[in-house]
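Over in TrEMBL, the protein carries these features:
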type	residues	note
DISULFID	C44-C353	disulfide bond
BINDING	E55, D56, N168, N224, D269, N270	Ca(2+) 1 binding site
ACT_SITE	H115	active site, proton acceptor
BINDING	I117, D169	Ca(2+) 2 binding site
Amino acid sequence: MAAMKKVLLAAAVAALAAFVGHTYLRLKHIMLASRELPVKHLNCHYLQNIEYGAEDITILKDGLAFLSTGLKFLDLPSFSDEPGKMYVLDLLHPRPTPVELQIKGELDLSSFNPHGISVYTDETDDNIYVFVVNHPHEASQVEIFRFVAEDTLVHLKTITHPLLHSVNDIVAVGKESFYATNHFSFPNQALHFLTMVLAMPMCDVVYYSPSEVRVAAGGIMSGNGINISPDKRYIYVSDIIDHEVDVFERKKGEQLEYIKSVGVGSLCDNIEVDHRTGDLWLGCHPNSMKLSNFDPKDPPGSEILKIKDIHSEHPVVSMEYADNGQVLMASTVAAPYEGKLLIGTVFHKALYCDLK
């Protein structure tokens with residue numbers, strides 16, 4: 001009996017050691033911990049008034065850009081104790097400058113913590129609705145605003161639901177309807193970590209409307225950015241842990257049918273789509289170990305990728321901008337507009353770049 005216990009103990013120790021070793025290698029792969037990035041700059045300058053990140057940026061066809069700033073998220077660095085803010089930027093202005101949006105309505109601004117955003121224009125009356133993922137007190141909810149005048153958001157509605165337990169980003173498809181990504185497979189982070197280590201893709205995309213809320217697609221390791229094709233036929237999702245962008249086709253009843261995945265070789269965050277070309281622009285983390293273990297002497301870099309012809313048999317993934325963190329730390333989004341590019345970050349600054 002004693003000999004059997006020793007055998008079982010030795011087996012348990014060996015199994016634990018193997019699991020720890022597997023976990024270490026898996027995390028190193030996920031975080032691209034050994035990756036160093038070459039520098040590739042554009043003609044850029046910092047945007048005024050953006051000092052603590054612009055995690056998400058989206059641009060309307062008329063050149064009006066919306067920015068979410070001041071995100072405090074999980075254990076990522078944050079250098080401001082102030083609540084988050086929303087900004088608007090007119091790219092048609094001779095000197096585009098972000099202007100803080102005034103928020104009116106019954107919303108607790110002291111805990112406002114904006115993350116992913118999306119904008120929907122109602123073609124029947126041209127009203128503009130701004131959807132914002134909000135994490136007050138580490139919660140997960142979606143705020144819907146109406147944009148009025150030049151610098152005001154009127155709060156219309158707060159949406160919460162058990163299926164929307166860890167929302168990262170959204171894409172609006174109606175005045176009160178949207179698709180949303182969950183970055184955790186379970187509300188319990190420990191369970192999600194286990195699925196991540198064991199390579200069990202259990203995150204999902206949720207469809208929300210006032211009449212129904214349900215899972216529209218699954219099989220994702222960790223859902224991050226989400227957006228829609230110019231013809232509204234396809235939905236794109238960044239699976240940040242698998243270093244891929246997943247392509248889904250919208251079907252009857254707002255179900256999503258998986259089409260394919262495109263490898264990007266980086267931990268890509270938000271997705272913006274060029275409304276003219278259909279190209280996807282991705283704000284990425286080239287080495288997330290440097291982001292998690294923030295060291296100002298060896299800061300996290302920034303990488304902007306573009307996917308051209310994503311629906312073809314051979315999509316082209318190209319690096320459009322890269323920095324080692326000396327100019328821009330922890331890029332999350334790249335929003336193109338008529339030869340210009342806005343680049344946002346988790347907690348750092350934002351860039352206005354010329355692509356021509």
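Glycine too: its Cβ is placed from the backbone N, Cα and C atoms.
No curator has checked TrEMBL annotations; they are predicted automatically.
Since we're looking at a predicted model, the values are computed, not measured.
Take the Cα of N168 (Ca(2+) 1 binding site) and measure to each of the recorded positions C44, H115, I117, C353: the nearest one is H115. Using a 10 Å radius centred on the Cβ of D269 (Ca(2+) 1 binding site) and all shown protein chains, the other Cβ atoms total 26. Taking each of the recorded positions C44, I117, C353 in turn and counting other Cβ atoms within 10 Å of its Cβ gives the largest count for I117. Of all Cβ atoms in the shown protein chains, 31 besides its own fall within 10 Å of the Cβ of E55 (Ca(2+) 1 binding site). For C353 (disulfide bond) paired with D56 (Ca(2+) 1 binding site), the C-alpha to C-alpha distance reads 16 Å.
Around the Cβ of N168 (Ca(2+) 1 binding site), a 10 Å sphere holds 27 further Cβ atoms from the protein chains shown. Excluding the listed site residues E55, D56, N168, N224, D269, N270, the same chain places H115, G116, D169, G225, S238, G283, T332, V333 with Cβ atoms within 8 Å of the centre of the Ca(2+) 1 site Cβ atoms. Among the recorded positions C44, H115, I117, the ones whose Cα sits within 10 Å of the Cα of E55 (Ca(2+) 1 binding site) are H115, I117.
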